[in-house]
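Student: So Swiss-Prot has the following annotated:
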SIGNAL    1-17  signal peptide
DOMAIN    61-378  domain 'Peptidase A1'
ACT_SITE  77  active site
CARBOHYD  88  N-linked glycosylation site
DISULFID  93-100  disulfide bond
ACT_SITE  264  active site
DISULFID  303-343  disulfide bond
CARBOHYD  310  N-linked glycosylation site
CARBOHYD  314  N-linked glycosylation site
């Protein structure tokens, strides 16, 4: 997972809860002042659907959860496994009370159901770390309850990385810290899985910004064609990630064949192994597209060139197209001094790994099956009516 040090303000609309007879509920979206995502590779370190709206600030997607009656907005992250939040009297909240007022913080003394387990937690990221102690409390997300949910409470400060609270929903061996497992345990959903859909980065704050995570169900209105279910591939070093095998091309340039790709919603960019990234740069040169360096490590180019940019990925026979429009990050969304005609490239050098973050994930609809160790993907669709299908058995292909 990764987060940025830049701060933006996004105006977000309120969304009313869906009618109960549809079998799903929506958490409201609100105006937030959030930290935007940036290049930071992590250390490798009633049985109905429950739908929580995600809100997009640049490309950092957040979801709201209530812990002991206290509302928290945290960045959703398939690349880590627990939720951690700021304690109300943490050094971070003392340094920047406005952010804690905006995103929320957790005060154990305000909840009669809060319990300090006395067990420490520590998560190392590419920049910084989060640590503290695990607590349990009653959680509510999208109107559904998960009693006794376990999460981390951080009393530290921003010097350890400067990122917002993180809602880890990745591969997890401890069911007590998995929100989807706890929703299943409480009878809110039948299957321990969730589907995710990300909107276009340019739609942040508009009525069309309808990113969502749906626990226990899929939304067939968010993809075109059929879903392809593929097994998760184990990674070395004991780390657990949503890793799958894929091949990739940029235009007519073959980048890689049958290599490991990590799907990580807590990462903004698409990172390619160095050799693959250099081949991509060569492909840009062939298209007469030149990247210019900007502060913060961003690489800019004219947005008018987006129509030339096209990736094709193959996942076990399922072909996914990622366009320049999918990959582009509006330059003036990151830096107000950048002209609106400039886009920042959403692909960068990943060193020895392929790490596919939000600039890839918004081109697909993805389903993460934690029970069966599988991922299902399809090409994303926009503008279709929502159609929620409760999953009690196999994910439909």
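Here, residue 1 is simply the first one shown, and the rest follow in order.
For all residues, glycine too, the Cβ spot is worked out from N, Cα and C.
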Student: Using a 10 Å radius around each Cβ and all protein chains in view, which of these disulfide-bonded residues has the most neighbours: 93, 343?
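Tutor: Of the disulfide-bonded residues 93, 343, the highest Cβ count within 10 Å belongs to 343.
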Student: Of the recorded positions 77, 88, 100, which one has its Cα closest to the Cα of residue 264 (active site)?
Tutor: 77
Student: Round to the nearest Å and give the CA-to-CA distance linking residue 93 (disulfide bond) with residue 303 (disulfide bond).
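Tutor: The Cα atom of residue 93 (disulfide bond) is 38 Å away from the Cα atom of residue 303 (disulfide bond).
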Student: Roughly how many Å lie between the Cα atoms of residue 310 (N-linked glycosylation site) and residue 303 (disulfide bond), rounded to a whole value?
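Tutor: Their Cα atoms are separated by 14 Å.
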Student: On the three-state reduction of DSSP, what should I expect for residue 343 (disulfide bond)?
Tutor: strand
Student: Starting from each candidate's C-beta and looking 10 angstroms out, tell me which of the active-site residues 77, 264 has the most other C-beta atoms.
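Tutor: Per the Cβ count, the most surrounded site is 264.
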Student: Of 77, 88, 303, 314, 343, which recorded positions are close to residue 100 (disulfide bond), meaning a Cα within 10 Å of its Cα?
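Tutor: Among 77, 88, 303, 314, 343, the ones whose Cα sits within 10 Å of that of residue 100 (disulfide bond) are 88.
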Student: Cβ-Cβ under 8 Å from residue 88 (N-linked glycosylation site), same chain, 6 or more residues apart: which ones?
Tutor: 100, 105, 106, 107
Student: In whole Å, note down how far the CA of residue 314 (N-linked glycosylation site) lies from the CA of residue 77 (active site).
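Tutor: Per the Cα atoms, residue 77 (active site) and residue 314 (N-linked glycosylation site) stand 24 Å apart.
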Student: Per-residue pLDDT averaged over the domain 'Peptidase A1' (61-378) comes to what?
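Tutor: Averaged over the domain 'Peptidase A1' (61-378), per-residue pLDDT gives 90.
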